[in-house]
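Copied from TrEMBL, the annotated features are:
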TRANSMEM  93-114  transmembrane segment
TRANSMEM  126-150  transmembrane segment
TRANSMEM  184-203  transmembrane segment
TRANSMEM  243-267  transmembrane segment
DOMAIN    245-449  domain 'Major facilitator superfamily (MFS) profile'
TRANSMEM  287-309  transmembrane segment
TRANSMEM  379-403  transmembrane segment
TRANSMEM  415-432  transmembrane segment
């Protein structure tokens, strides 16, 4: 018989688990910044007034110049204003390449983090990603191929850092604080500083942390005691494949990442080409949706845990409520966006609301794996993000193709298609989503006579 999660209070905000959430917040903020920075910089890097065949784009630019004229110094390359002939299709490939890398490491890193501990894997991934970001400008001078390779490897490093977080939260987050803690962590050259904090402050579970208070340790361990966290030797793949609640989570991730990836990668381009804003103002405007997203993520987590702690709504109702808000509201904004391009303020407001309302999903299906299978949360988070990143790759490439044909109708088709994908994921999750621990995810004890 399932027991209700304990409501006994720990040491509140002045506790190690909230410090852990804050460090994760800055780490995630750093990785998101590393992904988005190129989307903003590419406006100045690419000469939009000239168009060349993608195959002949900057791959043969600076590199061939250097080979054909060895007398030119490195100083000349570094001081001249670099403009790269990257078509919109090429830019779509560059934007999506980081997702290719993340997919390659999502499942193995999630599985290994669950077995060997997440601390080392997450810290190494963040450090590698931060170092590769420093090499991206240099890689651009040597051609688009090297940029794609760098971004792919950077994605592999970020894949290591993303998924193992749920292994930690399965041990550190009491059930009634999961939405709150994960939302604080997820709403956010800082990367190297975060690595130092990570390796010195973070531990895989509260039992081995040298600085945790007895009261907080007892609160966490008593709260998660009913959920198994024992090591496992095998993963019930067949049971997972047949589990519709898991597929509901996967479809939610696919839909959520489809629109979010477009906003993350193409927002500066949209602001520059549709609103005709210069790069300085474009960078400022591009930051506003992410500020709104962080705020909505934290507020959504607080509200979800409030509803649960006061027994106002059941767990599955909370998950479906926030999933509905996080998929339906941005869809409405996306559909309305092509019709308000004549209004600067209305366009900016809708662009801010799309990622802001989308992040309400963080208290919905995003953390649902902690409810249905806490033992395999990290592994399943890897698969879930794999579905999401697959959607991101498809949406980035599709967006580049559509807007290259015709900008006005292309953007309209992009947003209409995104809304349709969101509605599909929402309906699927509302029908099949659950919040109970699945039978195949429960601890099985052997009784000897």
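Glycine too: its Cβ is placed from the backbone N, Cα and C atoms.
Between the transmembrane segment (415-432) and the transmembrane segment (126-150), fewer than three CB pairs separated by 6 or more residues in sequence fall under 8 Å, so the two stretches do not touch. Ranking 126-150, 243-267, 287-309 by CB pairs under 8 A with the transmembrane segment (379-403) puts 243-267 at the top. A mean pLDDT of 87 is what the model gives for the domain 'Major facilitator superfamily (MFS) profile' (245-449).
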